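Contents: one structure, followed by commentary.
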Amino acid sequence: GDPVALNYTFYQVISASSQTPLALRSLQNRCLVPGYYSTHLQRWLTYYPSGQLLIVDGQELRTNPAASMESIQKFLGITPFLNYTRTLRFDDDKGFWCQGLEGGKTRCLGRSKGRRYPDMDTEVSKARGRGIPLHFQDLILCPTSYHFC
């Protein structure tokens, strides 16, 4: 693994400030900046019309993938539709939706995908409630029923 990442807790990474060591700030940028979706969306909207962008709710995709895939197919204009209600099965062992196969079996992603994670550390959970960073505030105003913000 990354020796810098091994030296810091998740909480230290997300709460690093300009006074923290350069290695920690660099790790924070490497881990968090790719998730600044509103910044990326603003840049994409300079090149693509808003009607060509679809924002998919990751939580809905995880909990109701058939409905999410139906919305994606409609947005892309795909016909005929693939009925994901018939092709996806919830795998209790994996705790995730997988491709349904004949005989009630499933084909799932590898061991590193769909795994259960430990509960969030109390310190991290408290930090989440202390305010919303500016780069996420734009997304809060973005209704999921729209294709763009």
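Glycine too: its Cβ is placed from the backbone N, Cα and C atoms.
Features reported for this protein in TrEMBL:
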- 26-125: domain 'Sulfotransferase' (DOMAIN)
- W97, K113, G114, R115, R116, Y117: 3'-phosphoadenylyl sulfate binding site (BINDING)
- C98-C108: disulfide bond (DISULFID)
Candidates C98, C108: member of the disulfide-bonded residues with the richest Cβ shell (10 Å): C98
Reported as an integer number of Å, what is the Cα distance between C108 (disulfide bond) and W97 (3'-phosphoadenylyl sulfate binding site)? 8
Under 8 Å between C-beta atoms and at least six apart in sequence, can you list the same-chain neighbours of W97 (3'-phosphoadenylyl sulfate binding site), or say none if there are none? R62, P65, L88, R89, F90, D91
